[in-house]
Amino acid sequence: MSAKKPLALVILDGYGYREDTASNAIANAKTPVMDALIANNPHTLISASGMDVGLPDGQMGNSEVGHTNIGAGRVVYQDLTRITKSIADGEFEQTPALVEAIDAAVKAEKAVHIMGLMSPGGVHSHEDHIYAAVEMAAARGAEKIYLHCFLDGRDTPPRSAENSLQRFQDLFAKLGKGRVASLVGRYYAMDRDNNWERVQVAYDLLTQAKAEFTAETAVAGLEAAYARDENDEFVKATAIKAEGQEDAIMQDGDAVIFMNYRADRARQITRAFVPGFDGFERAVFPAINFVMLTQYAADIPLATAFPPASLENTYGEWLSKQGQTQLRISETEKYAHVTFFFNGGVENEFEGEERQLVASPKVATYDLQPEMSSPELTEKLVAAIKSGKYDTIICNYPNADMVGHTGVYEAAEKAIEALDESVGKVVEAIKEVGGQLLITADHGNAEMMIDPETGGVHTAHTNLPVPLIYVGDKAVEFKEGGKLSDLAPTMLSLAGLEIPAEMSGDVLVK
């Protein structure tokens, strides 16, 4: 068997591009190798943050998201962005689980109950999603639309619910039907520590309108809670009904849509609506059509509007199906990223996949050893390139990220210089065997060590672009405007392999 000429992807973790050289450890370090590559080789910048990697607009990237996107060859949307995007695209209102539950309630002249954390916090839920659900129920002909508001005050300021409640009172006035039916703090409705007596307060409010307090409007109910010195999180069960209105309780045949997308604080209250529940004695147990926005737990037998997205034909899986060999190699700090996250959350190796782990140094903080284990990692990587065993090699160097996180500028420069030396040896080995190499990053970090706004030490990731450099014999010209999810299709193209249909990323080579 002839020796393989590998295609290697080297991910310099935390190695972003920033024009401003102030407090920029990457620009100011002595990097003769990277300077020569950028002067002489095909290169471009690609996006590694925000919507381009499935995060909210403007949000900095991170290693988990970055490697997931690189390995998937498509943008992998986080729940918040996935649902927000579905609303913008008009797909939300066609979601089968929601359509079925609402239509069944409308047909039987029953109520549609929508509940969730009423907040723009974006951690467990987003009120924009709840707004879309109310509009959808109204558009599909629901006459009784009852909104049950769990109040936040943890991911938002402690007393900030009034704007949200007013927004929904205005929406119901505009629709001419529906109303806010109840208020309760997340302390009760969203417990996650088996404090079932708290959850029971919320359950009894939803199913019996059993409440310590009542109010004619949601805003009036909130003002009364503030007068009792209860912040949003701790607002006691409050039933909302004006004179002459019936209790807005969950009854047989009603639809109930739970609009939280984060599972950990949604599970307990949801389990209270499932047969066989024993957390507390339920005075009533209505036969409702309950829809979870996302899957809160695999063992909860209820409909899910947005089931977990399983990633078929990630880069590693696809290479395996083509009978190709691949190596994943990094030091401890980023080993999970080039294996588990790169494989789309799959723990086990694919056939033909090998893994090598180099131990990260045992130091209190990495500014004390900015080169980390790059010499040992490079030695193993060069040996793998020259071994002729692998079609593809994926390697992550953690230095720019891990030393960037320490905030120690001089150490970050040293980390970048150690990386440069390592990259030089890798480039040499690739040229020697006639292979191909792509150098990139998963997100930025070390290019901004001082926060330009505050003047304080900047230890976080950035939302800046990252480099993409090609080394090899092919006449490559890169397109502009790429992103991390374009790397897998680009690599398959460079290797002369077919690209699976699931990979919606672009090939960045013209």
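The backbone N, Cα and C atoms fix where each Cβ goes, glycine too.
Among the candidates His113, His124, His405, the residue that Swiss-Prot names alongside Arg154, Asp155, Arg186, Arg192, Arg262, Ala263, Asp264, Arg265, Lys334 for the substrate site is His124. Binding of Mn(2+) 2 is annotated in Swiss-Prot for Ser63, Asp442, His443; the matching candidate from Asp13, Asp391, Asp506 at the same site is Asp13.
DSSP assigns His405 (Mn(2+) 1 binding site) to coil in the three-state reduction, outside any helix or strand.
Ranking the binding-site residues Asp13, Asp155, Asp401, Asp442 by C-beta neighbours within 10 Å puts Asp442 at the top. Each residue contributes its Cα atom, and for His124 (substrate binding site) and Asp13 (Mn(2+) 2 binding site) those atoms are 29 Å apart. Here the Cα atom of His461 (Mn(2+) 1 binding site) is found 10 Å from that of Asp442 (Mn(2+) 2 binding site). If you take the Cα of Ser63 (Mn(2+) 2 binding site) and the Cα of Ala263 (substrate binding site), they are about 22 angstrom apart, rounded to a whole number.
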